[in-house]
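To start, the structure under review is shown below, and the notes come after it.
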Amino acid sequence: MMKTVHVALGARSYDVEIGPGLIAEAGARIAPLLARKRVAVLTDETVAALHLEALREGLAAGGVTMEALALPPGESTKGWPQFERAADWLLDQKVERRDVVVAFGGGVIGDLAGFAAAVLRRGVRFVQIPTSLLAQVDSSVGGKTGINASHGKNLIGAFHQPSLVLADTAVLGTLTARDFLAGYGEVVKYGLLGDAAFFDWLEGQGPALAAGDMAARVEAVTRSVQMKADIVARDETEQGDRALLNLGHTFCHALEAATGYSDRLLHGEGVAIGCALAFELSARLGLCSQEDPSRVRAHLKAMGMKTDLTDIPGDLPTADVLVDLMAQDKKVVDGQLRFILARGIGQAFVTSDVPREAVLTVLEDALASC
């Protein structure tokens, strides 16, 4: 059931291995990258309690030893204090340029560990072993690393490609239903932005995938990663097509900032709501039929996911404040917001030609339902 997706970036190319049981094979797969048979592992306390011993055994089976630092779980870890702690620990471990750092966790750990590897000694190689669905299909692939700033999400970082990604789909079985569905928000995004047939497949197979069907999970992760790999190979540093991967994220990042990057709204939940809002905005601008946002919301609802601002607990700021929060988005060019909109399911495109009033109206209507 193992699948391999190749990310073609010349000298920085690497493989993404996908399937159950990869943690047990970690040593054999990572050893060829190592000048000395040891790795420094950055993880979080939740993942460490569930999977760290399995990783230690998997590495040892390939003759590789490890030291590990477990950081607190959650988005609040992705900031300067824990980043400094991780970087100091890596220096304490005497990690050299020829060594490999292993990011073992979800998107927060992958982003932080990758950024630490990018700047440590001006660049150390790293391997991603993503343990959440969101990280397996999105953040572990493509080389975006970084941390959050007081001004907004992911504003401090670097492009630093991993040397290998091991996506063990068996660990997805240990995720809470909420965390799994948050990751599913990113899976749906791929169908919505460029593969209508994949969205059709998800409408049929989504329930089996959520229920634990391993073949369906491997297929969903593989198709998602393949689409991302193809886009990254064309546009590694987000000068063009790669911005399509941010479908739903302009709304999402504003909502995450408005909820204090807290458990009120997980990133993947924000992406799902953001995709629904992006399709609603597209329909109101006459770019796609009203049937499309209805279909998007219907599938998300059928999967038991958040689809509207009403699904976010607690108070939200006004539409004006939310639009102002969008102005801190990384996709802003010359002060203009760039939106990813759609001419239909699977037909996303990037545009700066979106009237502020149209965005305000969509948000005001969504807030009025709260």
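Here the Cβ of each residue, glycine as well, is placed from N, Cα and C on the backbone.
As written in Swiss-Prot, here are the features:
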- G107, V108, I109, G110, D111, T131, S132, K144, K153: NAD(+) binding site (BINDING)
- E186, H249, H267: Zn(2+) binding site (BINDING)
Neighbour-count leader, CB within 10 A, binding-site residues: G107, S132: S132
Assigned conformation of K153 (NAD(+) binding site) - DSSP reduced to three states: strand
Nearest of the binding-site residues (E186, H249, H267) to I109 (NAD(+) binding site) - Cα to Cα: H267
Cβ neighbours within the same chain of D111 (NAD(+) binding site) - under 8 Å, at least six residues apart: K78, S139, K144, T145, G146, I147, N154, G157
Spatially closest candidate among E186, H249, H267, the listed binding-site residues, to G107 (NAD(+) binding site) (Cα to Cα): H267
Spatial separation of K153 (NAD(+) binding site) from E186 (Zn(2+) binding site) - C-alpha basis, Å: 17
Assigned conformation of D111 (NAD(+) binding site) - DSSP reduced to three states: helix
Residue among binding-site residues K153, H249, H267 with least C-beta crowding, 10 angstrom cut-off: K153
Cβ-Cβ neighbours of I109 (NAD(+) binding site) (radius 10 Å): 32
Spatial separation of H249 (Zn(2+) binding site) from S132 (NAD(+) binding site) - C-alpha basis, Å: 19
Check: same-chain CB within 8 A of Zn(2+) site center, minus E186, H249, H267: L134, D138, G185, K189, G248, C252, G268, G270, V271, G274
Where the record names G107, V108, I109, G110, D111, T131, S132, K144, K153 as binding NAD(+), the maximum Cα to Cα distance in Å: 21
